[in-house]
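As annotated by TrEMBL, transmembrane segment applies to 12-29, 36-69, 81-99, 120-138, 273-295, 307-332, 373-392, 413-430, 503-533, 545-565, 585-609. Under the heading region 'Disordered', TrEMBL lists 225-249.
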Amino acid sequence: MGLFQAVLHSRNLLLVICVPLLLLPLPILHPSSEASCAYVLIVTAVYWVSEAVPLGAAALVPAFLYPFFGVLRSSEVAAEYFKNTTLLLVGVICVAAAVEKWNLHKRIALRMVLMAGAKPGMLLLCFMCCTTMLSMWLSNTSTTAMVMPIVEAVLQELIDAEDEQLMAGNSSPEEAETINNVNNSQPSLELIFVNEDTSTADFTSLMQNKNLKNGVPVITNPIKAASQHHGKRQHPSPEKPPVLTPRPRNQELNRKYRSQHDQMICKCLSLSISYAATIGGLTTIIGTSTSLIFLEHFNNQYPAAEVVNFGTWFLFSFPISLIMLVVSWFWMHWLFLGCNFKETCSLSKKKKTKREELSEKRIQAEYEKLGDISYPEMVTGFFFILMTVLWFTREPGFVPGWNSFFEKKGYRTDATVSIFLGFLLFLIPAKKPCFGKKNEGVSQESSLKIEPIITWKDFQKTMPWEIVILVGGGYALASGSKSSGLSTWIGHQMLSLSSLPPWAVTLLACVLVSIVTEFVSNPATITIFLPILCSLSETLHINPLYTLIPVTMCISFAVMLPVGNPPNAIVFSYGHCQIKDMVKAGLGVNVIGLVIVMVAINTWGVSLFHLDTFPAWAKVSNITDQA
């Protein structure tokens, strides 16, 4: 028994050592570039799927195995780890760091909640819209971690408001004092920040390293922790963002809800945040790491194809996200709140209960604590809007964009815009300049050291370096597969699928990745499947985008299990829902997304990307691979 436990504890180390040794006969018995590349690809894929080592570390395997086996030179492999998409991500993270640092997201979220009111149906729609909008520009993980504390505070107020009604109506003074003490021990509405998309294993280990219990932060003295927040400034310190700490999960499961309806509201709102973050990430090309991996791989594989950019992706995906948001809202409402939309979605003030009025007052109080919009928030919001406008107007397609003003074409990309604006955020002071005026009580030395909108430390806390290395490893694998001829060989093995219509091939690929991504991280899944699907499309003479775009979107639909992605784990940690709730609700969202994506790629996707023909840029790539 002791030996078995020792082996179990060392399983990751054994996996790291045994997998390369067991697969070593492949390049030895078949000394060819294809076999050597396949060996590196399989070893890396096993490391990614098993997560025996961190995803970023596993992505470094091609960097030393390709030169060892003579697949690629070391300088060629190194060039794959830093691409144009990396610069795009750096610029976006600069803006995201400013949004998080100055609490612009909190102001937006609370404002939208105030607009919706406390009716469950409208509250659900409001939180889903807010989360979707934030997730377009921030990572799904960060967005979920930002919004969930606000949702938890709103849910707590809904329950506390009913307690106050009962306490006022039929509670004795002693009982009232007890309830007040319990309510006052709850921490105030604050936010938790989590970095960019990481694997679920890394997210779990992060929580364990931070002394979390059952995936949930534990406060040993909640009354003292809550009292420490009184008398502080309205804006929390950007260096150490405060954390809203939910109760331990074992206590959450034993929680006594006031009614079954309350429990359903808590389940519905919690799960909807994870789903809305996923929907929002689909909308923009920078919304998730999977779409960024797709973009860079596609540009490397087909350099002559200038068809996918921020604008074209948005035109295709925005209707998908909008339809998915509405249909998912109906699905979640029907599943947890029933079909009484008239009662749960009414905006009439006459129909508001005392409980809903008390909840709205608390939310209003939290919004007022933010004070007036600050100068850094205005600057961040302006850069946020400016970046979006410049992305859209660079090459809109239907009219000449600002890129046409330059004599040399093809030099400027979306990364150029994001890096330029991100660089400016390091220069613009966080304090509003007062020209010609002297600040009273401020020394000359301190006035010379004005803090910018973001510092390098702010950027470092938000920048997902592991994703950068992971994406680079995927590019290296793709480059090795192409140069060795492995991708061509794989494509020829799939000629048996040529009897199927193109839509069936795409549907099978989407269903396959939707299943795999429930257990394997999204970046690893897309990195493994992209080279295979490119070869398959070229072999069957299908426009590669007809397969790649739906598969890229369906990989994000890992919404059925807590291990599917970090947003699911964050929502699950709050204890309102069980795994069976996630499976039941997530299966519906998964099917909804798959159907809408397939309809979209066969309707407006055909005219937008010219999917009804096999493009010349794909023929050129196919000829190059065969040569």
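Glycine is treated like the rest: Cβ placed from N, Cα and C.
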Task = Give residue numbers and ranges for long-range contacts of the transmembrane segment (81-99): same chain, 6 or more residues beyond its ends, CB-CB under 8 A.
result = 63, 105, 137-139, 142, 196, 286, 292-293, 295-296, 299-300, 376, 379-380, 383-384, 387, 413-415, 417-423, 425-426, 453-454, 458-459, 461-464, 467-469, 471-473, 475-476
Ask   = Looking at the stretches 36-69, 120-138, 307-332, 373-392, which one shares the most CB pairs under 8 Å with the transmembrane segment (545-565)?
value = 307-332
Inquiry  = Between the transmembrane segment (373-392) and the transmembrane segment (273-295), are there three or more CB pairs that fall under 8 A, provided the residues in each pair are separated by 6 or more in sequence?
reply    = no
Query = Taking residues 6+ outside the transmembrane segment (12-29), which of them lie with a CB under 8 Å of any CB in it?
reply = 35-36, 38-39, 42-43, 46-47, 50, 52-53, 69
Key: Leading stretch by Cβ pairs under 8 Å, where the reference is the transmembrane segment (373-392) and the options are 307-332, 413-430, 585-609   = 413-430
Ask   = Between the transmembrane segment (36-69) and the transmembrane segment (307-332), are there three or more C-beta pairs closer than 8 Å, counting only pairs 6 or more apart along the chain?
value = no
